[in-house]
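Swiss-Prot annotations:
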- 30-37, 57-61, 75-78, 142-145, 172-174: GTP binding site (BINDING)
- Ser37, Thr59: Mg(2+) binding site (BINDING)
- 22-193: domain 'EngB-type G' (DOMAIN)
Amino acid sequence: MKIVNTAFHISVSALSGLPEDSFPEIVFAGRSNVGKSTLLNSLTGVKGLAKTSATPGKTRLINYFLINRDVYFVDLPGYGYAAVGHAEKALWGNLLSSYIIQRRSISLVVLLLDSRHPAMQSDRAMISFLESHDRPYGIVLTKYDKLTQKEKVQTGRIMESCAAKAKFIVNYSSFSGKGKSELLAHFDQYICQ
């Protein structure tokens, strides 16, 4: 996939606000502060397209970005830690699960995991959820450049055991761009269906 055109499209807080067109959606999911927005900015080459923050839980809406005028990249709120109350976390959880279960135009879920803390309980729960609803998913290990060689080997083994049904596992560094072309190449088979 070559990205030549990128634009913010819409933010929604309820399923009723989702776009009605039938463009394929590549969905980016992961824990709060795992680097979803940073990854989107890196992939598109547009700094600031997706708002980033050091504070977990800044993304509170489902954000749609129109790519090449015929594909959506969808930035979901993070799961896990966020500086919000239990009631708001429950609303987010219901919104995200309903979206993933009901949205027919989802072509692929890209699950981002912090390579320094792979397969935490919340990540394993998300993997199980995606598999139980037959959603194709791939794994992106973020912050991969911060690992030692030994940690890289250990992380690879952990991921092979807990995400055996993942369509791909890509080691990604937004800093160096490592993994970008590999990840974009994987997207082609999910948007050309």
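Counting starts with 1 at the first residue shown.
Heads up, the Cβ atoms here are built off N, Cα and C, so glycines get one too.
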Cα-Cα, whole number of Å: Leu61 (GTP binding site) versus Ser37 (Mg(2+) binding site)? 12
What DSSP gives for Lys143 (GTP binding site), in three states, is coil
Sparsest-packed of the listed binding-site residues (Lys36, Lys143) - C-beta count within 10 angstroms: Lys143
Least buried by Cβ count (within 10 Å) of the binding-site residues Gly30, Asn33, Pro77, Tyr172: Asn33
Does DSSP give Pro77 (GTP binding site) helix, strand or coil? coil
In the structure shown, which of the binding-site residues Ser37, Leu61 has the fewest other Cβ atoms within 10 Å? Leu61
Let me know the DSSP-derived helix, strand or coil state of Gly30 (GTP binding site), please. strand
Per-residue pLDDT averaged over the domain 'EngB-type G' (22-193) comes to what? 87
